[in-house]
Amino acid sequence: MNPQAKLIFTISLLLGTTITISSNHWIMAWAGLEINTLAILPMISKSHHPRAIEAATKYFLTQATASALVLFSSMTNAWYTGQWDITQLTHPTSCLILTSAIAMKLGLVPFHFWFPEVLQGSPLITGLLLSTMMKFPPITLLFMTSPSLNSNLLTCMALLSTALGGWMGLNQTQIRKILAFSSISHLGWMAIIITYNPKLTLLNFYLYALMTATVFLALNSIKVSKLSTLMTTWTKIPPLSATLLLALLSLAGLPPLTGFLPKWLIIQELTKQNMAAAATTISLLSLLSLFFYLRLAYCATITLPPHTTNHTKQWHTNKPISTLIAILTTTSTMLLPISPLLSSIM
């Protein structure tokens, strides 16, 4: 891709995200979402492969439908209440339509159908943007409208997302699809707590984005997209494989790594809200996704011989990228000692 075009698309992504998260008017928020959609499409389809074109088409159709629903829900609310303010979403029909639209943009069950295929057809760096940056504006809209949302509907969608994300990821061999179902499972944890403690949802998203960035950058550095290729990386790049192991275990939510922190706080908050049954259910369902995280971690540390003879020269990552991966890994795996402080703040 032309560097000038890449710069324009990157600036457009930042602009669209900034417009959405800083706006109080529904039209401005909708415009920011549309700018984001149009900016990410060339990044998905830049390889001109049929799978990439298919992924870009699926992404465009899904996001356009979700954006139309956002606009329709805001117009319905304005028709009945006379308010275009995002925080003044009070009409029940508008709340239901907006919840469906945001769920479609995020990839929550039952609107998850597009996300694994789009992520599979995208490059790893674009997949990182789809899994983190592109989810920030919809989650911000959920955060701002959280007092008006239907908690029972979100709880059902959250439990289904956690169950399906863990179940569908069990038999996958493509790493990008595994990470897509991992994202769906993590979205379930964010959705179940959004109406009770929105700050916990943002904390969960920030830590998830940090850990996912570590995994995607490490996979991009070693050029791995399948489990069979991941099994040969330990003999080629032991330090990066160990880094990937820690990041995957943290993403799985194993104590004492950082990924356990948001789950711990969410379970604690659900128990305070007399939702011990929901907390127990989502904790048990998350054990499904724990299996494929452990399988990924095992494949990252297994010592199969590589398929090429020049395996000692496979890693040609430049120093800034390797330094960034090291910083992200350290941050995403060593934050748990501050958990009591965060727990008291939340």
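Glycine too: its Cβ is placed from the backbone N, Cα and C atoms.
Beyond its flanks by at least six residues, the transmembrane segment (5-21) meets 28-29, 31-40, 42-43, 129, 133, 136-137, 140-141 of its own chain at Cβ-Cβ distances under 8 Å. Annotated transmembrane segment per TrEMBL: 5-21 (among others), in sequence order.
Feature annotation from TrEMBL assigns domain 'NADH:quinone oxidoreductase/Mrp antiporter transmembrane' to 23-288.
Here TrEMBL flags 56-76 (among others) as transmembrane segment.
Per TrEMBL, transmembrane segment is recorded for 96-115 (among others).
For 152-171 (among others), the entry in TrEMBL reads transmembrane segment. Same-chain residues lying 6+ beyond the ends of the transmembrane segment (152-171) with a Cβ under 8 Å from its Cβ atoms: 96, 99, 103, 108-110, 112, 116, 177-178, 181-192, 194-195, 275, 278, 281-282, 285-292.
Within the chain, the transmembrane segment (178-196) has long-range Cβ neighbours (under 8 A, six or more residues past its boundaries) at 103, 106-109, 112, 115-116, 119-120, 127, 131, 135, 139, 142-143, 146-147, 149, 151, 154-155, 157-166, 168-169, 172, 204-205, 208, 212, 215-216, 251, 262-263, 266, 269-270, 273, 278, 282, 285-286, 288-289, 292-293, 296. The annotation transmembrane segment is assigned in TrEMBL to 178-196 (among others).
What TrEMBL records for 202-219 (among others) is transmembrane segment.
Annotated transmembrane segment per TrEMBL: 240-257 (among others), in sequence order.
Marked as transmembrane segment by TrEMBL: 277-300 (among others).
Look at TrEMBL and you will find 290-342 tagged as domain 'NADH dehydrogenase subunit 2 C-terminal'.
Under the heading transmembrane segment, TrEMBL lists 321-342 (among others).
Within the same chain, residues 155, 158-159, 162-163, 165-167, 169-170, 172, 175, 178, 181-182, 185, 188-189, 192, 227, 230-231, 233-234, 241, 244-245, 248-249, 251-254, 263, 266-267, 270-271 sit at least 6 positions outside the transmembrane segment (277-300) and bring their C-beta atoms closer than 8 Å to a C-beta of that stretch. Restricting the average to the domain 'NADH dehydrogenase subunit 2 C-terminal' (290-342) gives a pLDDT of 59.
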